[in-house]
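The next block holds one structure in the form of structure tokens; read it before the comments.
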Amino acid sequence: MAPLGASTTDTDTDTKINSNEVEFVEYVSSTPAKSGRAPAYVRNLTPEDRKRIETSLRRKVDTRLLPMIVLIYVMNYLDRNNIAAAKLAGLETDLNLTGDQFQTSVSILFVGYLLMQAWQTVPLSSWMYGSLGVISGATAGCQTYGGLLACRFILGFVEAAYFPGCLYYLSAWYTRKELVKRTALLYSGSLLSGAFSGLITAGITNGLNGARGLSAWRWLFIVEGAITVFIALFAFFILPDLPRTTSWLSEDEKELAAWRLEEDIGQDDWVDSKQQTFLHGAKLAAKDPKAWLLLATIYGFTSAGTVTTLFHQLSNIETLLLTTPPYLIAVIAILCNAWHADASGERYLHIAGPPVLAFISFAIAAGTTKFAPRYLAMCLMVGANYSGYVVALSWISNVLPRPPSKRAAALAGINALSNVAQIYSPYLYPSSDAPRYAKAMYVNLSMSVVSIVFATILRFHLIGLNKKLDRGEIVEGVNSRAAPGRSVEEGEGEEVAILKFMIKYSKNNTDSIKHAKHENPGDA
């Protein structure tokens, strides 16, 4: 019987990993679905054939899945954040809003957002995409402050499930090594919306203001809402189901798509997804310190990312156009950071490094109102903050992969609680603090430090867990006993489950699947 820390692979080739280099550890103790062996189709493939077929499968999924969810996320963010552009297009004046009333109309969306995520993750569906557009379009009809608040609250309630649902959706199709780049592509949608929002609003302000008796800001909500509904119609036919139920893959491709995820972690997503509730997963996540450390890290990013316009001496059109370059730079930054994180297999520095640059950028913005250095700071702060944030998001699925209910609860809970910052952040930018907004900049740079500190604590926590596993020690919730066929986090049961997979994610991008051949008592 091999010791718990034995280092062997499926081909009996030893792979030695230095515990000090390891950033991720998760032990899954379960009896994999059915025989615990790969399906016959997969077993009969040569390594060369499997690599070729898996590459083809991945490209097919990428082509079908990624463009649509990114496009929907672009519209999701446009519908969420177009209120800032609407302010420049006359909303505040037409509805006779005070400064505090406008800030409340911004933050109320996140109250609905948090309330929805507090109790469930809603499966992605085309009706949800379409309803976002309908509610956004309905905002154009608001005549009072109360009507605006109602529309914004409902919009937040409906859109709450989309982002964590997408993260869960991606983790149901891609292995851990493939997630960072796909998460970056998904989140680039939010940044592209920031780039396009200014251009769209500038065009509508110039071309549609007063058309059919409607102000430019009303046309803004109508146009963007209509586009969202139109895209939702296509999403119904294009977006795939889960690997085992999708209709556009062959049976062999379905088997390979499901098996490669089971092989990556050592547990079948399909079985646990049916057997475990969201409430059960939430309890597991709440008891795991890794989830709280991830929450603190990501909270720092979301809080620091709440930056409003910093240029009040310019015209509205100039201000709208100047918002485009920082977001385009940010898209490039997050894609490059994600690509390098995947290529190097390193996570911590790609999370804790960018906030250092964000810290410097916020300090520059707090210290001067001159256009050139302040605009440079704005271009840097957006990309620096979000490039680390995206890798941190993928760390959730890496560090808390199974059971699926735990992963889903962690994704929803961390996303919800980290967005608490969005409720109070609009009040950090009162008109009386313009144009420097020094208080807001100091809060943002402080939150960049929070991300660095808690990412570092998590890094050392994971190293400590790996060292315990290397010594063959029991780690609560990681390699403790469990009833056969159930994940270790479920805990209890007198029989010892088959201890089959120990996965460590190391700096050299090597996944070492360590087999501890503890036999099931019934098989002895």
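Going from the start of the chain as shown, residues are counted 1 onward.
Placed from the backbone N, Cα and C atoms, the Cβ positions cover glycine too.
The structure displayed is predicted, hence computed values, not measured ones.
What TrEMBL records for 153-172, 184-204, 216-239, 292-314, 320-339, 351-369, 375-396, 408-429, 441-462 is transmembrane segment.
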Query = Where among 153-172, 216-239, 375-396, 408-429 do we find the most Cβ pairs under 8 Å to the transmembrane segment (351-369)?
reply = 375-396
Inquiry  = Can you tell me which recorded stretch out of 153-172, 216-239, 320-339, 375-396 has the most Cβ pairs within less than 8 Å of the transmembrane segment (408-429)?
reply    = 153-172
Request  = Could you pull out which residues elsewhere in the chain have a CB under 8 Å from any CB of the transmembrane segment (375-396), counting only those six or more residues past its ends?
outcome  = 24, 167, 179-180, 183-184, 187, 191, 194, 294, 297-298, 301-302, 304-305, 307, 310-311, 322, 325-327, 329-330, 332-334, 336-338, 341, 347, 350-358, 360-362, 364-365, 407, 410-411, 414, 444, 448, 451, 455
Query = By a Cβ-Cβ criterion of under 8 Å, what residues six or more beyond either terminus of the transmembrane segment (216-239) are in contact with it?
reply = 64-65, 68-69, 71-72, 75-76, 78-79, 82, 85-87, 89-91, 94, 124, 126-127, 129-130, 132-141, 200-201, 204-205, 208-210
